[in-house]
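> The structure's right below; bear with me while I get my questions together.
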């Protein structure tokens, strides 16, 4: 049975959502591993020490701020690249 354009669009949307969620999980796992490795040192007790908790929170905050800043810069460069491509297309008469 042939797929309709609507079904193809839904399949692509599902793939995009799965990719987005997969990227989120990879980022979350990287954050968890990095902060755990950097901050947790004492395995002789079940309790999390205040210093470990503070370090983990600082690590998480720094990572999230860095991720936000990289995303902002990426968006800025995308806008510039789009404007440059548009200007080039206008200059060459392809628009």
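Each residue, glycine too, has its Cβ placed from N, Cα and C.
Residues or ranges marked as disulfide bond by Swiss-Prot: 35-59, 39-55. As annotated by Swiss-Prot, motif 'Twin CX3C motif' applies to 35-59.
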> Looking at Cβ-Cβ distances, which residues of the chain lie under 8 angstroms from residue 39 (disulfide bond) while being 6 or more apart from it?
52, 55, 56, 59
> Please list, for the motif 'Twin CX3C motif' (35-59), how many residues fall into helix, strand and coil according to DSSP.
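Across the motif 'Twin CX3C motif' (35-59), DSSP assigns the residues as follows: 15 helix, 0 strand, 10 coil.
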> Under 8 Å between C-beta atoms and at least six apart in sequence, can you list the same-chain neighbours of residue 35 (disulfide bond), or say none if there are none?
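Counting only residues 6 or more apart in sequence, the Cβ neighbours of residue 35 (disulfide bond) under 8 Å are 55, 56, 59, 60, 63.
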